[in-house]
Amino acid sequence: MVLTARQRDELNQAIHQYLLISYQQSAQLFKTEAAVKDGQIEADLLEKKWNSIVRLSKRVITLEQQVEQLNEQLAQAQAGKIQFNKSDDEQRLTPIEKFKLEGHRAGVNCVAFHPQYQILGSASDDGSIKLWDYESGHFEKTLKGHTSNVNCLAFDPTGKYICSASSDLSIKIWELKNHTCVKTLIGHEHSVSTVQFSDHGDFILSASRDKNIKLWEVATGFCKKTFSEHQEWVRCAVFSNDEKQIASCSQDQMIYIWVIDSGQVLHQLSGHEHVVEQVKYIPEHGAKQILTQQQQQNIQTINLLVSVSRDKEIKIWNTILGTNLFTLSGHDNWVNGVSFHPDGVHMLSVSDDKTIRVWNLKEQKQKKKIENAHDKFILKCEINKFIFATCSVDQTIKLWLLS
């Protein structure tokens, strides 16, 4: 077996930690022969490695079972024993509750999936960030440092860092390896609503109740640009798929599309009749399917935007033309968040009406409704492949299985 230098060092550290428990002389000899340095030794490394092996083993078993089931279904389909219909599709899209995560002492405002590992982060009005193993449902760690509500969090693309936005006016960058805050970004003059890393992790985008949007350089912690046009609290700001533009939404009921290089507003999108809570760009493969359905194949952009509002509506926008493609109605209270199914066609939304709704964006229809998904208002949701996470004022996070 060939190990990288880093893997070899970590293995030697783990062996040394094990020997220290009962075999001190052997540990000292091994430390000398393996050249384990005191500064290298990371606390609980052996336990972390062992837990990783256990989790990976469980994951392998689960995947093997899924492969076996899929092979059986494939064999039956090839033999003509399975007939697929629309009801099968609707059944496939039904979220099935897997875990209920409890531990926060106040409402949970945000959830975020690690880009590589089976870690879910949650942010709460109790001022803490919690990390969970979403495969087992086990609590892992609490990050403390903010002095007020934590409103949003996001992982960087490498998974090494997590950033958090708080009502204490700050943004914090945390190193996951040591669970420590390595940088605090100061510049907003009111609560920070949302944060997002750029695709390469070089920049962080933030939105604030001070009516401003800021672009931060991660390496230096300096604010590179401020975008100011909104008249009220900016609820959310996100990068476009090509990262040439920014979309923002506000308590002023407006959505702005900004050109990052110039800092100018390209479009002002109006149509919502109440506070716009969130905007999200539709993934490229989904946007292409919608444009094809809309017979707009000649449009070169794939920057389609979804907005959700307290007016109970969800709107889909073409951000190049600055036009509303269509509106989805059905929720009975404020709509707070959306996430996109991996197939690119379906979208899930959450609301103060305590429901989860599944939408087909090509058909512009609601396909499924899950009643009383939480005991109180559902604030946000995220999808990682076929795991769907929701968070609520009821202080809990729920994990749902999708297929």
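Cβ atoms are placed via backbone N, Cα and C, with glycine included.
Quick look at what Swiss-Prot lists:
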type	residues	note
DOMAIN	7-38	domain 'LisH'
COILED	51-87	coiled coil
REPEAT	103-142	repeat 'WD 1'
REPEAT	145-184	repeat 'WD 2'
REPEAT	187-226	repeat 'WD 3'
REPEAT	229-270	repeat 'WD 4'
REPEAT	271-327	repeat 'WD 5'
REPEAT	330-369	repeat 'WD 6'
REPEAT	373-403	repeat 'WD 7'
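Touching of the repeat 'WD 7' (373-403) and the repeat 'WD 3' (187-226) is ruled out by the presence of fewer than three CB pairs under 8 A, sequence neighbours closer than 6 excluded. Helix, strand and coil counts under DSSP for the repeat 'WD 3' (187-226) come to 0 helix, 22 strand, 18 coil. Mean predicted confidence for the repeat 'WD 5' (271-327): the pLDDT average there is 88.
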